[in-house]
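Per Swiss-Prot, the features are as follows:
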{"type": "COMPBIAS", "residues": "1-16", "note": "compositional bias 'Basic residues'"}
{"type": "REGION", "residues": "1-20", "note": "region 'Disordered'"}
{"type": "MOD_RES", "residues": "SER2", "note": "N-acetylserine"}
{"type": "MOD_RES", "residues": "THR19", "note": "phosphothreonine"}
{"type": "MOD_RES", "residues": "SER20", "note": "phosphoserine"}
{"type": "DOMAIN", "residues": "29-64", "note": "domain 'EF-hand 1'"}
{"type": "BINDING", "residues": "ASP42, ASN44, ASP46, ASP53", "note": "Ca(2+) binding site"}
{"type": "DOMAIN", "residues": "98-133", "note": "domain 'EF-hand 2'"}
{"type": "DOMAIN", "residues": "134-169", "note": "domain 'EF-hand 3'"}
Amino acid sequence: MSSKRAKAKTTKKRPQRATSNVFAMFDQSQIQEFKEAFNMIDQNRDGFIDKEDLHDMLASLGKNPTDEYLEGMMNEAPGPINFTMFLTMFGEKLNGTDPEDVIRNAFACFDEEASGFIHEDHLRELLTTMGDRFTDEEVDEMYREAPIDKKGNFNYVEFTRILKHGAKDKDD
């Protein structure tokens, strides 16, 4: 029996925790639908979606996926796919944005004092002259609802939170 346990430990990686509260991204009915979908895919009912679960689910739909295809799907997750990871992955796909820490770290590259702020003029210059260049109109649109203080400092930590979770009500 102990040899079975040892073997199980070597084949399963420990699930990573999501960096943000993914359950806040969806209402209860959406979470319930995702849970039902997760349970339909988790064919062996072990609480994780693995390659075999994906194969069995796709086969039940009349598909015959290749091993490479299944590996590609599994590699989209940073670890074992439990329900929280499943919800996180779907949330990011549905919202079409990168994880919160990736966005925040992209801004942090230009925050020389690690303060959580970048002056709006400096950020405008960066956004309009580097990489996939923004137009001034696009920067203006971004700044319209952005957390910028009276000194012109753009709070990218708060902006990232708003981007991923929505703005707080003005009454809060």
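Numbering starts at 1 and runs along the chain as displayed.
Glycine is treated like the rest: Cβ placed from N, Cα and C.
Over all protein chains present, the Cβ of ASP42 (Ca(2+) binding site) has 20 other Cβ atoms lying within 10 Å. Sequence-distant neighbours of ASP46 (Ca(2+) binding site) (same chain, six or more apart, CB under 8 Å from its CB) are absent. Cβ atoms under 8 Å from those of the domain 'EF-hand 3' (134-169) belong to residues 20, 24-25, 95, 97, 100, 103-104, 107-108, 111, 116-121, 123-124, 127-128 of the same chain, restricted to positions at least 6 beyond its ends. Comparing the binding-site residues ASN44, ASP53 by how many other C-beta atoms lie within 10 angstroms of each C-beta, the top residue is ASP53.
Across the domain 'EF-hand 1' (29-64), mean pLDDT in this model comes to 90. Below 8 angstroms of C-beta separation, residues 19-20, 88, 92, 139, 142-143, 148-149, 151-161, 163-164 of the same chain, each at least six residues beyond the ends of the domain 'EF-hand 2' (98-133), sit close to that stretch.
Taking the centroid of the Cβ atoms of ASP42, ASN44, ASP46, ASP53 as the Ca(2+) site, the other same-chain residues with Cβ within 8 Å of it are ILE41, GLN43, ARG45, GLY47, PHE48, ILE49, ASP50, GLU52.
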